[in-house]
Each structure stands twice: as C-alpha cells, then as structure tokens.
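Annotated in Swiss-Prot:
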BINDING   GLU40, GLY45  Ca(2+) binding site
BINDING   HIS61, HIS378  Fe(II)-heme a binding site
BINDING   HIS240, HIS290, HIS291  Cu cation binding site
BINDING   TYR244  O2 binding site
BINDING   HIS368, ASP369  Mg(2+) binding site
BINDING   HIS376  heme a3 binding site
TRANSMEM  17-37  transmembrane segment
TRANSMEM  63-83  transmembrane segment
TRANSMEM  100-120  transmembrane segment
TRANSMEM  145-165  transmembrane segment
TRANSMEM  183-203  transmembrane segment
TRANSMEM  234-254  transmembrane segment
TRANSMEM  268-288  transmembrane segment
TRANSMEM  305-325  transmembrane segment
TRANSMEM  338-358  transmembrane segment
TRANSMEM  380-400  transmembrane segment
TRANSMEM  414-434  transmembrane segment
TRANSMEM  456-476  transmembrane segment
Amino acid sequence: MQLSRWLFSTNHKDIGTLYLIFGAWAGMIGTAMSVIIRTELAQPGSLLQDDQIYNVIVTAHALVMIFFMVMPIMIGGFGNWLIPLMIGAPDMAFPRMNNMSFWLIPPSFLLLLASAGVESGTGTGWTIYPPLSSGLAHAGGSVDLAIFSLHLAGASSILASINFITTIINMRTPGMSFDRLPLFVWSVFVTAFLLLLSLPVLAGAITMLLTDRNINTTFFDPAGGGDPILFQHLFWFFGHPEVYILILPGFGMISHVIAHYAGKNEPFGYLGMVYAIISIGILGFLVWAHHMFTVGMDVDTRAYFTAATMIIAVPTGIKVFSWMATLQGSNLRWDTPLLWALGFVFLFTIGGLTGVVLANSSIDIILHDTHYVVAHFHYVLSMGAVFAIFAGFTHWFPLFSGVSLHPLWSKVHFAVMFIGVNLTFFPQHFLGLAGMPRRYSDYPDAYTLWNTVSSIGSTISLIRTLIFLFLIWEAFSTKRTPIHPEFSSSSLEWQYPSFPPSHHTFDETPSAVYLIK
C-alpha cells in the first residue's frame, strides 16, 4: 500500500513531497561537490589529480544544483504543493503525467552521476561547448551520458510545464480571475512558458552534438562546414531563460513571505509585479549572447545585447522596490522566513548590480571567465534562489507537515548560512578583478589570501547544512503543533481546515471562494 502510494502517486501533495525530498538529497550531493571544489582551491598546489577531474566536479556541481536541486524544489516541490491549493483546484490537471514528470528525474540524475564516473568524466563545464565536448577531446561515453541525462530532465520539465499551464488556465476556482492570481502562481505560470519555449532548443543543440560525436555529422565542426559558435547560440538561447526559470518562482515565494510577515493582504503594486514577471520572461529570451561577448561578434550586435541586458534591470528593480514598499509602514513579525526574504532582497540586489557591470560588453571582455562572473551568479543563485527556497520552506513547512520548526534554531541556521555564503563569494569579486580565471584547479600564490577566505566560508556553509538536518529532525521528533496565522493571508493555502490540508483537498468541487481584495 505504502509502496504504491509513493510509486504510482497521482496526488499533487505526495508528488510535491517526493520532489522536495529528492531536491534535498541532490542538494546534499551538490553541496558536497562544491566543498570539494573549494577545498582544492583553498591553497595553491594540487589536491586532486589534474584539471580534468576538477572540471568534472565543477560540471557535475552545476548541473546537479540547477536541474536536480533548484528546479525540482521550486517548481516540482513548491509548485505542486501550493498551486492547486492557491487557486482552489482539487489537484493538477494531469495527475499521472505529474507522476511521470517526477520519475523521469531520478534516472536522469543517475545518468549524470554515471557521466562523471565513466572514462575520465565530463570535464566540459555545464555549457558542454564543442570542440571540447566533441568525440575527439572527450572520447568515450561520458558526454553522451550527460546528454541523455539532460534529455530526460528536459522532457520532465516540459511535461510539468504543460501540466502547470493547463492547471492554471483551466482549474481556477470561480472568482479567481487572472488579476487575482497569487504572485507565486503567476511566477510559475511564466516560468512554465519559459521552459516550454527554451528546452526544445537545448534538446536540438545536444542532439546535434550527440550526432556529431557518434555518427559523423558536422553541425559544430568547421571541417565539414559546421560552426561551434552555433552551439553557443543554441545553448545560451536556452541557458539564459534557464537562469530566469531558476529565480522567477523564488520571486513569487518572496512576494508571499514579505506580504505575510508585513501583515499586508497583498504585496505593494500587485499588477506592476505581474507585469514585471511577464516582462522579465519576455526579455529573458532577447539577451542570450551577453554570455558570448568574447567570441568575436560585431560591435553593433554587442551594443544591442548590452542595452537589452540592462533593460532587464528595470522590471527587476520594480520588484525590489515593490518588496521594500510592502515592508514600508508595517509592524514586522521577525520570524525566520522574513529573515530569509530580507536576506534575499539585499543579496539578490548585490548580485544584480554586478550583473549590470557584466552587461557592458567592453568590461565583460576583461571579466569574462574570471571569478567575478562566479561571484555574480552565485550571489543571484546561492543567495537568491537558495535563500528563496529557505524562505518558502520555513514559511510553508507547517502547512506541508503539520509541525513547526524551532523558532530559535532556524534563526541560527539563517545566521550561519548568511555569514558562510557571503564569506565564500564576496572575496571572489576581488579575485576576478585581479584576473583569476574560472575552471582552473590551481593558481599563482598572489591569489592565496582571498581563496583561503572563500574556502573557510564554504566550510561554514557546510556546517549550516548539518544545522538544517538537525532542524528537520527536531521538528518531526518534538511535533510542535503550528498555530494558524494570526491574520489571514491574501492567498488561499492557509484557509483550509487542517495542516496539512487533507489528502484530497475537497470532497466535492468547491462552488465559490470569496477573496477579500
């Protein structure tokens, strides 16, 4: 009975729970890889064997964190759990397809780990650029396994996206019009469209790479009239929307958390927030070549991509200032989720500012492939996406589990994490400005100080992971009953009679839900 409940589940809450647990495990593995990277870089000299094994770990770390930690938790976990509850739907539109979306992920993960383990591993970086990923430079099955892994993960995401889009369009309760949709629902809605439009391009690119490697096509081989730059265009046409896919659901969760703990019914400027999400989604498809400023594009092309990239800062700024306006004049409840949300706004803004620096094509030619870029995207991912995940987790954990986290220890967890990630990534700005390149396992002695500081920070973050495990164990072992929120939130998920809401949310289809707005 239990086995069939979890293997053949058609229940959005069970599938969401599976996603959350899988994402937590993948996050542990990805974190372990990051600690290996930072241990190698803690001192000059070689710790592992050579740059190939180092780059295999870097590649696996990136792909694990993106495809098996952030996306399954944000879209699969929070999306499945919350969206039906927030729109008053009994479940997702296609419950069995929902189950398949999840069960494509573990085999994909196994293929990725296999790609790191066979031959000499996939030491290409997560971008898998040819000719480094060609049959010549990476002979053997490694890259092929990584390609198949991405195919499965992509298929899973496309199926999930179809499911979310259909659910949100067709299964809203009466009275839940699009201009009343909670912001988290909006953010996943836009994210699903981004996935639907970008993943097929990646699938095409990696399929062409697969045939280049195995059946002598020359899509990316100049010897046969191909062009390796074509792969970069195809990859980044997926890769840039992907980074917005990683952060948009986080934006949605942060909007809910800030409005809730500020005691507001809704975030400031709801409609502006919605248009900002949509604008970010559209603009995300128009800026991909800012990842390629160093490959020799025309000056007018570079000028366009510089300008377009800077325009994305406008809707992002609308969101940041709307969050701050939501906080304005409120009597804040300093619960843990709010700390994560405030940390998110501050650190994501810093990451956004370094992004504006890198948008300048002339500056980027100097900073491209240095640790400055690493610092930039870890500020928006490791302190943006991950902080949003923890804000959402600490906020909705009582709803999901029926027990509450320890109020003091969860704040300690936040404090240790905050110190750890900042100590890890802030010094990397200095290393990048001083010219330390990415994807090398060793460096001149001049870079020792900040690398050592950075590695100490990663050790602190590792301790933070153990505190988190303790937090979850402590919550389930003491079984403190959560109290209902003192004030009702503008979203529906808190309005159900029990924590967690019953296995089947409704015994019969609800006729109407009246929202105060």
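Glycine is no exception: its Cβ is also placed from the backbone N, Cα and C atoms.
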_At a threshold of under 8 Å on Cβ distances, which of 183-203, 305-325, 338-358 pairs most often with the transmembrane segment (145-165)?_
183-203
*asked:* With Cβ-Cβ distances below 8 Å as the criterion, list the same-chain residues six or more beyond the ends of the transmembrane segment (183-203) that contact it, or say none.
replied: 75, 78-79, 82-83, 86-87, 150-151, 154, 157-158, 160-162, 164-165, 168, 234-235, 237-239, 241-242, 244-245, 248-249, 251-253, 255-256, 267, 270, 273-274, 277-278, 280-281, 284-285, 491
*If we call contact 3 or more Cβ pairs under 8 Å (sequence gap 6 or more), are the transmembrane segment (100-120) and the transmembrane segment (305-325) touching?*
no
_Could you check whether the transmembrane segment (380-400) and the transmembrane segment (234-254) come into contact, where contact means at least 3 Cβ pairs under 8 Å with the two residues of each pair 6 or more apart in sequence?_
yes
*Tertiary contacts of the transmembrane segment (338-358), as residues 6+ beyond its ends and Cβ separation under 8 Å*: 247, 250, 254, 257-258, 261, 290, 309-310, 313, 316, 320, 323-324, 332, 364, 367, 372-373, 375-380, 383-384, 387-388, 390-391, 394, 411, 414, 418, 421-422, 429
*Tertiary contacts of the transmembrane segment (17-37) (same chain, 6+ residues out, Cβ under 8 Å)*: 6, 9, 48, 54, 57-58, 60-61, 64-65, 68-70, 72-73, 76-78, 80-81, 102, 105-106, 109, 400, 458-459, 461-462, 465
_Within the same chain, where does the transmembrane segment (63-83) have neighbours whose Cβ lies under 8 angstroms from its own Cβ atoms, ignoring anything closer than 6 residues to its ends? I mean 6 or more beyond._
12-13, 15-17, 19-20, 22-24, 26-27, 29-30, 33-34, 89, 92, 98, 101-102, 105, 108-109, 112, 126, 146, 149-150, 153, 157, 160, 164, 167-168, 184-185, 188, 191-192, 242, 245-246, 249-250, 253, 381, 385-386, 388-389, 392, 396, 399-400, 493
*Around the Cβ of TYR244 (O2 binding site), how many other Cβ atoms lie within 10 Å? Please give the count over every shown protein chain.*
22
*For the transmembrane segment (268-288), what are the same-chain contacts with Cβ under 8 Å, counting residues 6+ beyond its ends?*
179, 181, 183, 186-187, 190-191, 193-194, 197-198, 233, 236-237, 239-241, 243-244, 248, 251-252, 255, 305, 308-309, 311-312, 314-316, 318-319, 322-323, 325-326, 328
*asked:* Just to verify a number: CA distance, TYR244 (O2 binding site) to HIS378 (Fe(II)-heme a binding site), in angstrom, no decimals.
replied: 14
_CB-centroid shell, 8 A cutoff, Cu cation site HIS240, HIS290, HIS291, site residues removed_ = TRP236, GLY239, VAL287, TRP288, ALA289, MET292, PHE305, THR309
_Within 10 Å of its Cβ, which one of these binding-site residues (GLU40, ASP369) has the largest number of other Cβ atoms?_
GLU40
*What's the CA to CA span in angstrom from HIS61 (Fe(II)-heme a binding site) over to HIS291 (Cu cation binding site)?*
20
